[in-house]
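Chemist: This is the feature table in Swiss-Prot:
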BINDING   15-22, 92-96, 154-157  GTP binding site
DOMAIN    6-241  domain 'tr-type G'
MOD_RES   Gly2  N,N,N-trimethylglycine
MOD_RES   Lys3  N6-methyllysine
MOD_RES   Lys3  N6,N6-dimethyllysine
MOD_RES   Lys31  N6-methyllysine
MOD_RES   Lys80  N6,N6,N6-trimethyllysine
MOD_RES   Lys317  N6-methyllysine
MOD_RES   Lys317  N6,N6-dimethyllysine
MOD_RES   Lys391  N6-methyllysine
REGION    15-22  region 'G1'
REGION    71-75  region 'G2'
REGION    92-95  region 'G3'
REGION    154-157  region 'G4'
Amino acid sequence: MGKEDKTHINVVVIGHVDSGKSTTTGHLIYKCGGIDKRTIEKFEKEAAELGKGSFKYAWVLDKLKAERERGITIDIALWKFETPKYYVTVIDAPGHRDFIKNMITGTSQADCAILIIAAGTGEFEAGISKDGQTREHALLAYTLGVKQLIVAINKMDTTKWSEARFNEIIKETSNFIKKVGYNPKTVAFVPISGFNGDNMLEASTNCPWYKGWEKEVKGGKATGKTLLEAIDSIEPPKRPTDKPLRLPLQDVYKIGGIGTVPVGRIETGILKPGMVVTFAPSNVTTEVKSVEMHHEQLAEGVPGDNVGFNVKNVSVKEIRRGNVAGDSKNDPPMGAASFDAQVIVLNHPGQVGAGYAPVLDCHTAHIACKFSELLQKIDRRTGKAVEESPKFIKSGDAAIVKMVPSKPMCVEAFTEYPPLGRFAVRDMRQTVAVGVIKKVEKAAAGSGKVTKSAAKAGKK
C-alpha cells in the first residue's frame, strides 16, 4: 500500500494506573512506530546506564512524556505507529494527569479506545472496582462518542498464561463494559504481554489454547489473534469534511513580515486560501491569505489537520485562544448566550446547585460558566428523566443543566459539531464533571468588524 493510501485513525489508551499502559503503548510505538532508530538507541543506552533496562518500552514513553510536558515542540510523529491498514495516533499518553481533561476538550476525537486490563491476581479487581479509574475512563470514552473498544488483557505471563483466568476476566469485563454502554459482542478481547510482546504483533506460542479473538462488525464478523490485528479491524471513521468549517484556535501568533497567524486544528469542514472566515465570539470577519501545515503551504486543510493560517488586517489583540473560526457564508460560528447540557458529576465532595460557577474546558476555551438552572435529573443508564427541577445534584448524578458563560464563548450542540459540544468542568484542581451540549442559545449578533479584504473577497 502506498504511503498516502492509509487512513489516519486516533486511539486513546485507558485503564488503571498499573495496568501496563505505558509499556504496551511504548511497545507498539517502538516496534511499528515513528521513533527513529537513533532515538531508540539513545534511549536504550540511557535506560541501561540508569539500570532501567527492564523498563525500556515504558521508558521510551516516559522520555516522550517528559519532552511533551516541557514544551509543545515535541515531534508528534513520536506518538504514531503504523499498522498494515492505518496510520495510528495515540491521542493521550495514559497516566497523564490531564487525561480526563484532554479526553473531553479532546485535542481530537478518538475513533477507538483500547482498554488495558492487568490479569494479575488482585490487580484486575483493583482496576475495575467501584471507584476504579478504569470505570471512569471507560464511561468517559463512551459518553464522548468513542463507540469502538478493544480490550487487551495484559500481564498474562504473571498468570502463567492461564486460560481459566483469561475467561474469568472476559466474563467480568464484559459485564463491566456493558454497564458503561458497550456491547461486548463488538469487542475484541486479546490476551497479551506488553512487556514480552506476546500477541502484540505476532501470535504467541505461550497460549496454545487461545484460538484468537472474534467480534461482530457491520455485515459480519472480524477475527484475528494479535492486538495489531484488532487495531486493524477498527471500522474507519467518517471524517466531517462536508460540515461547515469549525476551527478552534489554540494560539494566535504575530510573525514578522507575515502578520497575524492563528493556529488550531480543523474539527469540521475545509479551510482554503481566499475564504472569508468569521471568528466567534470576537465577531471579526476577514480573508484567509494562506494555509500551512508543518511549514508547507496547503491548497486546503481538512478535519484533523493542525494548521496555521495568515489573516489580513486583524491584530493579535482582536482574536485569541478559544475563539472559533468558521466560514462567513456557511453557518458562521456565533457566541453563546446560554446552553443546555447533559452533565455527569464525577467527583464533587459536596452537592452542586444552581449558582455554581466552575471553569469549563470546551475545545480550546477555558471559561467560567454558571449552572443557572438544574432542569432535570436523569438516569444515566437509560437517559430518561427521573426528577424535574432538582434542587441539587451530587457525584454519580446526571442532569440537564442550563449554563450561562461568564464571558463570551463559542460552543455548539454535540450532535452537530461533536468537538465543540463536549466539555469538562474543573474545580478544586480536578475534573468534577463532564458534559455534552444539547442545545445552544446564540448571542444576538452585534455588528462586528469586517476587514476591507473580507468585504472585497466577499464581492468576488
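Each Cβ is built from the backbone N, Cα and C atoms, and glycine gets one as well.
The shown structure was predicted, so the numbers you read here are calculated from the model rather than taken from an experiment.
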Chemist: Would you count the other C-beta atoms found within 10 angstroms of the C-beta of Lys31 (N6-methyllysine) for me?
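Modeler: Other Cβ atoms found within 10 Å: 15.
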Chemist: For the C-alpha pair, I'd like the distance in angstrom between Asp18 (GTP binding site) and Lys391 (N6-methyllysine), rounded off.
Modeler: 39
Chemist: Looking only at the region 'G4' (154-157), what are its DSSP counts of helix, strand and coil residues?
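Modeler: Counts, helix then strand then coil: 2 helix, 1 strand, 1 coil.
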Chemist: Express the distance between the Cα positions of Lys391 (N6-methyllysine) and Gly15 (GTP binding site) as a whole number of Å.
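Modeler: Cα of Lys391 (N6-methyllysine) to Cα of Gly15 (GTP binding site) measures 34 Å after rounding.
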Chemist: How does the region 'G1' (15-22) divide up by DSSP, counting helix, then strand, then coil residues?
Modeler: 2 helix, 1 strand, 5 coil
Chemist: Work through the recorded positions one by one (Gly15, Lys80, Lys317) and point out the residue whose CB has the fewest other CB atoms within 10 angstroms.
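Modeler: Comparing Cβ neighbours within 10 Å for the recorded positions Gly15, Lys80, Lys317, Lys317 has the fewest.
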